[in-house]
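Take a look at the structure set out below.
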Amino acid sequence: MCAARRSPLRHVIDDWRGAPAFVGGLATVVATTALVVFGGSHAQGQVLADDAPGAIKDRYIVKSDADPSALAEEYHGKVRRTFAAYGGFSVTMDEADAREMAADPEVEYVNQVTTTTGLGDSVQSRPPSWSLDRIDQRTPARDGSFRYPDSAGRGVTAYVIDSGLKLDLREFSGRATTGIDVIDGGKALDRNGHGTSVAVTLGGQNFGVAKNVKLVAVRVLDEDWRGTNEGIVEGLNWIAEHAKGPSVANMSHSRAYDRAINDAVGAVVDAGVTTAVSAGNNSYNACRKSPPSEPSVIVAGATRRDDRKASFSNFGSCVDIFAPGVAVGTKNRLGQSIKSSGTSFAAPHVAGAAALYLAEHPRATPKQVRAALMDHALSKVVTDRGKYSPDRMLNIDFLTR
């Protein structure tokens with residue numbers, strides 16, 4: 001049987017309605033293949049997320065170390081995609097066969113495929129976004145400049161898991177390339193705009209935190225900002241298999257708790273890629289969302305200009321740090337200057353800060369990068385944080401001292 005990844009237990013503190021539940025002090029995952037019911041002559045297990053909104057009939061993600069082709073054939077299924085780093089595959093098969101597969105001792109779990117709608121020093125005078133001026137200051141008073149290390153993320157690769165990128169945008173100064181396009185197998189060109197604006201915040205030459213970082217488009221959302229967990233897992237698996245050298249990833253979209261997505265993004269971190277994700281914009285417990293409920297990622301909540309938590313920002317013990325996320329200056333895919341709000345724009349500030357740190361400490365592990373950002377975050381700054389939220393505000397001043 002597959003070795004299980006660490007369970008996202010921390011969210012139980014805030015909300016017992018998440019996937020893990022505690023019974024008699026022992027952690028039990030409610031929707032796992034350990035639950036077996038019997039119908040007819042075949043044992044049946046429970047399929048995760050089978051009643052989730054947007055469930056796609058007869059399509060599943062399987063977590064198993066068994067041979068995909070052999071296992072799928074045994075249950076009358078057809079393999080769609082394989083995910084080596086994640087440790088599984090996606091398959092087409094009918095519901096009854098999926099439930100039987102879920103009871104197989106060689107299978108960790110079977111997860112329904114679902115659709116979702118989608119988170120030396122240099123000084124820049126008069127940065128185009130207030131957010132840059134805020135993250136290099138230790139006090140709320142801004143000084144009209146953005147101070148950052150000369151390396152500015154040089155030598156670091158940033159994977160943007162989103163709707164693609166406008167690769168030839170002037171703001172990217174030739175540093176943006178195609179990674180993978182799971183939507184239509186193309187060049188990961190952005191037909192929505194969200195991915196481009198997020199990447200500008202992370203690594204734009206004027207609007208970005210890490211101005212020399214290499215940007216790689218991982219397109220998992222279409223022009224309507226829709227995608228499946230299967231496609232997201234494929235994109236994450238691609239990063240885990242291809243990432244080399246100091247790397248960060250940014251995922252500025254989330255969905256209801258989904259174990260397959262959590263495991264896949266965990267595999268990215270296990271591959272050495274520091275990963276920042278948005279907490280979500282529902283104004284509730286971030287622990288109910290994926291990937292924020294995955295413990296290995298850095299979860300960013302959003303703040304306003306006055307350092308108050310944004311009213312829309314999710315909160316709770318699964319949030320790791322706060323960063324600017326209201327009226328953030330960025331560019332759209334047409335190259336026009338715009339202001340955008342959401343935890344989608346808090347996360348790339350964190351990813352950019354991680355890239356700055358990695359450029360100066362290229363051998364640092366994701367755990368070490370996380371520790372550096374957490375240890376140097378400002379305290380007693382963010383107000384109205386929400387229940388169980390951390391007392392941390394992103395700050396990069398330590399990188400220029």
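The backbone N, Cα and C atoms fix where each Cβ goes, and this holds for glycine too.
TrEMBL annotations: computationally assigned, not manually curated.
Annotated in TrEMBL:
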type: ACT_SITE; residues: ASP162; note: active site, charge relay system
type: ACT_SITE; residues: HIS194; note: active site, charge relay system
type: ACT_SITE; residues: SER344; note: active site, charge relay system
type: DOMAIN; residues: 154-384; note: domain 'Peptidase S8/S53'
type: TRANSMEM; residues: 21-40; note: transmembrane segment
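Recorded residues HIS194 (active site, charge relay system) and SER344 (active site, charge relay system) have their alpha carbons 9 Å apart, per Cα-Cα distance. Its Cβ taken as reference, HIS194 (active site, charge relay system) is surrounded by 23 other Cβ atoms within 10 Å in the chains shown. On the backbone, the CA of SER344 (active site, charge relay system) and the CA of ASP162 (active site, charge relay system) stand 10 Å apart.
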